[in-house]
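Undergrad: As listed in Swiss-Prot for this protein:
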DOMAIN    1-85  domain 'Core-binding (CB)'
DOMAIN    106-289  domain 'Tyr recombinase'
ACT_SITE  R146  active site
ACT_SITE  K170  active site
ACT_SITE  H241  active site
ACT_SITE  R244  active site
ACT_SITE  H267  active site
ACT_SITE  Y276  active site, O-(3'-phospho-DNA)-tyrosine intermediate
Amino acid sequence: METIIEEYLRFIQIEKGLSSNTIGAYRRDLKKYQDYMTEHHISHIDFIDRQLIQECLGHLIDQGQSAKSIARFISTIRSFHQFAIREKYAAKDPTVLLDSPKYDKKLPDVLNVDEVLALLETPDLNKINGYRDRTMLELLYATGMRVSELIHLELENVNLIMGFVRVFGKGDKERIVPLGDAVIEYLTTYIETIRPQLLKKTVTEVLFLNMHGKPLSRQAIWKMIKQNGVKANIKKTLTPHTLRHSFATHLLENGADLRAVQEMLGHSDISTTQLYTHVSKSQIRKMYNQFHPRA
C-alpha cells in the first residue's frame, strides 16, 4: 500500500497543485491509515472493507481525535481509494457508504479593534527586529493574508506606488490585495532601511528576514505573535490566523461586500467567508438602535 500512497501524493502535488502544508496533512493521515492496516495484517488494498475502516476510525476517536480531524481523515482516505480505483490499483472502494461526522465550524477568538491596536503597538520600533515585527503585524492585519503567504512574499510582490500586494495562496492561486496608508509607511521604511540591515551578505528576494538574513519560518512568526500578545495583555487565544480572522470580521462588521472579502482572503468557496458574518451582540444592538424606526 505504501507504493500506492506515494503515487497518490505525487498525483495531488502535480495534478492538483496543492500546497506542501496540505500534502503534509494528507501524508500524516495516510500514514495513520497504513499503520493501522499493517497492524491488522492487511497486505493488499482490496482486503480493506468498510467495517475495518470504521474500526480504524473508532481507534482514532479513542486516541482523542476531534470530529474535525476525523472528517478530514475520512476525506483523505476517500480521495485515496478513488485514486486507487481510477489507476487500477484496486477493484473496489470501501469508503463509498462511509459517513463523515458533523462538526461545528467555529472561528478562533477574534480581536476587537482596541486589542488589534494594542498588539500592533507592542514591538519596540527602536530595534531592527521590533520594526520588522511591527511591519509584519501591520501587513497581516491590513491584508488578511495567511502566515504561510507572508513568509513567501518577495520584494517584487509589493507595489508601494500603486498600493497593493500580490499574494500567492493555496495551489499558487494569485490575488491582488490593496494596502492602506499606515502599512505602506511601515513597508517603505522596512524595505529602504531595516531590511538591508537584516540582509547582510545574503542574496534573497524574500521580503521578511530573520537576524541572520534568512527567511523567517511559520513557527518564528507564530512565536512572535504569541509573545507580543502576552506583552499587550491580550487574554484571548492567539493563533497565526488571529489577525486574518480579525481582518475579515472587522471589514464585514463595517459593511464590506462579502464577495470582496472573499476575494481578498483568497477563498474559493464563499461559504468559507460566510463564517465571518457572525456579528457581536453589541454590534447587533448598535445596528438595531441605528436603523429600526421604533428603537
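Placed from the backbone N, Cα and C atoms, the Cβ positions cover glycine too.
What's the neighbourhood like for each of these?
TA: The domain 'Core-binding (CB)' (1-85) scores a mean pLDDT of 87 in the predicted structure.
Annotation note: R146 (active site) sits in a coil segment as assigned by DSSP.
Residues near K170 (active site) in space but far in sequence (CB under 8 A, at least 6 apart, same chain), listed by position: L18, S19, T22, G266.
Cβ environment of R244 (active site): L140, G144, M145, R146, L265 lie under 8 Å away, each six or more residues apart in the same chain. In three-state terms derived from DSSP, R244 (active site) belongs to a helical segment.
Under the DSSP three-state reduction, H267 (active site) is assigned to coil, being neither helix nor strand. Contacts of H267 (active site) defined by a Cβ separation under 8 A and a same-chain sequence distance of 6+ are given as T273, in order along the sequence.
When Cβ atoms from all protein chains are considered, those within 10 Å of Y276 (active site, O-(3'-phospho-DNA)-tyrosine intermediate) total 26, not counting its own.
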Undergrad: Inside 10 Å of the Cβ of H241 (active site), count up the other Cβ atoms and send me the figure.
TA: 17
Undergrad: Between Y276 (active site, O-(3'-phospho-DNA)-tyrosine intermediate) and H241 (active site), how many Å separate their Cα atoms?
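TA: One finds 13 Å between the Cα atoms of these residues.
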Undergrad: Taking 10 A as the limit, how many CB atoms besides its own sit near the CB of R146 (active site)?
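TA: 21, counting other Cβ atoms within 10 Å of R146 (active site).
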